[in-house]
Amino acid sequence: MIWYLLYPLRGTTEAPVLSASHPLRKVLTRYGRHASRYAITTLLLSAAIAAFLIYPLPFIYTSHVINGASALPRHVWTAAQPLPYDSAASPDIVMRSIWVHSSYMQALSPDILLSALDLQDALLGDTRDFGPGRSSGLLPPSDSESQSPLTPAQRDALHIVNGLTDQSWILQSPLLYWNCSRDRILADEDILATVNDKKNHTTPANITLRHSIVFSGKRFEDRRLLAADALVITLLYRTDSPVGRQWEAVARSLPVKMGDKWDIYPPSGNVSTSQLYEFQFRPMSVQDSIILALAYTLSLVYFLQQVSKVRAVKSKFGLIVTVVMQIIMSIAASFTICGVFKIDLSGIPRAAYPLVILSMSLEHILRLMDAVVRTPSGENTSSRIGSAFGETAPTALVSTVQNFLILLGLSYAVTPSVSAFCIFAAIAIVLDFFFLSSFFISVLSVDVRRMELGDALAREAMRRKRKARRPRENPSWMKRMLEGKIALSTRIAGTIVMISFVIIAQSHFFGGGDISQRLAHLYNGQDLEPNMSSLKASPLEDIHQARTPTSWLRLQDHDAAREIIRLIKPSAYSYIARVYEPLVFVKKGSNRVPMMKEPALLPAIYDFAHHQLRTFVFIDIVVVALLRLLVSYLLPEDETKAEELQDSSDQSSLSVKTLSGGHALDIAMLAYSPRGYVISVGLDRMIRLWDLNHRNKGPISHLEREIVVKFPVLAVAMSEDSDWLAILSSDMVIFWNMIAHVHGSSVAVETYNQKPESFFLEPTASSDIPRVVIDEDDAICLQNMDDIGTSSGWCSWADAKERKKHIGNPGVWSLLSDGSTLGLRRRPRTEPRSRHGHQRQATSGVRSRIPSTRSRDSGAFSCWELWRAASSDWDELDETAPLFSDEDAGHLVVCELGPSVRVGPTSVAFAYGNVIKLATLSGHKPFDAGIEDVSRESPMNVPTRRRKMGAAVRSGALG
């Protein structure tokens, strides 16, 4: 989205592609190359981190918040949120409460429980053995002005258990654990055990007395309540209930009656500050389900469509599983992190959480896959994945940061439930980028290596070129967008889905216009929560409450809201309550200074660390070990070699093999056939056939007995099937059958000792009767092609891409099948030559080509290097490598290179003096069998071969 916002400045909406020399791209490319090279190590590390973040998940979350754990999202929209002060909503119920404090975190002592019972009886009347369902008393007078206190029978008759009326009321009190009986409290020898055992105890109104309702400032250990800072006694009543009026009237008199035992806040006992709150428990509607199902279906169809286009990936099912695993790990790890930091995610239905991550994760994955497909197929796996990651990771990183900031900003402008979702999504997209950079890259690297996708990628590139050459009509913009061929569907789809869902979720709580009002408040510098200002100046700060009333309200279990909704509005999914600030009682003489700092993390985390740490470490090690065994089973050849799927990316991707012993003098001519044969013609009047498949060589014939080839040889050529060899001399063409190793017929020609422009065997000729084509200076060779071949093999300039690279001192070079260039050159000298190096030998007309110590010291061999320039714009793929790993004294010293010929798709043969240097891209085979250095001690060597250390020879022309 940021690129669309920058369109007026940049003039384009396309994401910028960093140059290969950019520092960020270099760092990301290097990281991607290393992550791919050490694929197994990267995979195991990412799996260990995922297990570290996911394993605590079931220990952190539970189905209800009663024991220091977080609540799992369900298929409902839940909320406990304040309404604006100017809201015109009418409250369905009124909530008043008293908070009873003793010393810090000492509210569960018997004396405080008894004192709280006295306060409760003062406010409501005698509540001993509380059982309003057994009441048979008469209803109180309907006169609202009556000031006479209610009798216990009249009070109980109005309880909601006896029927819902406009005067109904509900009591929630921790004293109900003992049925409001003083004798039971005194007889209880283990208060904590009673509280924990009765955590699911229900009131007469069938409301569960959860710890979150009747206590504030709780401290948990081993998922059991250990201490509480305050006892919370809450009265819920309808607006016309006389019980509520009695509570309010008695509360104003308590400072006078009990001021000697309690510090009361506010001191007058009159609580007038209130706030409207909405408590919601709304199941997903049919419309919500349809929208989510449609969104998931479209995402799945789009992903499957994009995967089907990646012809190079054979294991498409494995790719889909990898993507699903990455998204699951990101979501599960995000849940764990949010649970650790007490972020309540139960407000949004659980089905909505994967959607936003799915839409943004697919964007990065598909872009990376497309970049891998576009890399040159001749590159090794690590270089290709590193280059693709270096190209796409900056855009993915910017997109992740952009969406993170958007979500962070939205979290301040939406309701608390949606704000928690925004924080979750922000964490999830960061983790998703991490797992993309580790887990997905490693699995992709293993898949590319295991499936050997080089040829498949090349075929895919050719298929795309052929498809592009076919004339076709221009599709509509909508069709191109749905097909993912324009940027809208791939670059900002995730951001659009993310923002749209936040707006939809916000509308479930306050309606569609509320988010705009909140943004306007932020823009004008107004506080989004005006009710918080009154709490900032509250004297309650002096008593160091472990939890404020506002945070206590937002912590309420949503199941409790559902139970109250069922009682007061059976056909609704929410209710509005006017919540008054609590009347706070602090026991005189209490020490309210915290003795220890409250834990910042979720209590379940500390329980997990105390009891599950050893098991967690063991499980993590087992997961990594099992994954390692699985990879070993899938990749047995790599396991036996103990290579950890490494390649030579840090080393040179160029390997050099030496074909020696075939000639005594320099090689003057080279030719190659696709079947793995190389023909060399030397100044020693020998024509050698090098069978690279079977690692041997031999002479074409014994020239003195079979047929006389008049030197100099002007050209040689071989048929595509490697059946025939044609040798062009000054006056004839001689054919040699390479299968039967016999010479064929000879044809006289007149060449005037001029080398032809081209000399080749006609590919359509019969294998029994070869035909040769000689192209002179002023000749043009044409071949008629049928319509099918012409239409399918022709390329227009519109489809061509021009890339310019400057190579200084290229030397001898050749183009490879992947479009890269491979050459051999002499490096410029960095040190001046020794004066002795210019002195000639005493022998007139003879040059010494023995690799003496002096020549080695002056760099006779070390000055030669191989170089490679990639066809793509990735300059990091360009490299050089020395021609000699060590200075071989058996080679001749040369000043200039001989001829060269491309051998297969990824190799070039260079004539270096009397030997052939075969340069090959590492990890590629130009033919079926590998090539080893052919020993000079082969019995097929010429009888006049040079001595091992070389000899002085006369320099002259061939002929």
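Placed from the backbone N, Cα and C atoms, the Cβ positions cover glycine too.
According to TrEMBL, the feature compositional bias 'Polar residues' maps to 840-853.
Annotation source TrEMBL lists domain 'SSD' at 288-446.
Summarising the annotation, TrEMBL assigns region 'Disordered' to 823-857.
As a summary of secondary structure, the repeat 'WD' (660-693) carries 0 helix, 18 strand, 16 coil according to DSSP. Sequence annotations record features per position, and here TrEMBL assigns repeat 'WD' to 660-693.
Below 8 angstroms of C-beta separation, residues 69-72, 329, 332-333, 335-337, 339-340, 431, 435, 438-439, 441-443, 445-446, 449, 602, 604-605, 607-608, 612, 616, 619-620, 623-624, 627-628, 631, 644-646 of the same chain, each at least six residues beyond the ends of the transmembrane segment (38-61), sit close to that stretch. Here TrEMBL flags 38-61 (among others) as transmembrane segment.
The feature transmembrane segment is assigned by TrEMBL to 289-305 (among others).
As annotated by TrEMBL, transmembrane segment applies to 317-343 (among others).
Marked as transmembrane segment by TrEMBL: 418-444 (among others).
Residues or ranges marked as transmembrane segment by TrEMBL: 488-509 (among others).
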Hey, which bits of the same chain come close to the transmembrane segment (317-343), Cβ under 8 Å, at least six residues off its ends?
50, 53-54, 56-57, 60-61, 69-70, 303-304, 307, 310, 353-354, 357-358, 361-362, 365, 369, 420, 423-424, 427-429, 431-432, 435-436, 439-440, 443-444, 447, 601-602, 604-605
Taking only the residues in the repeat 'WD' (660-693), give me the average pLDDT of this model.
83
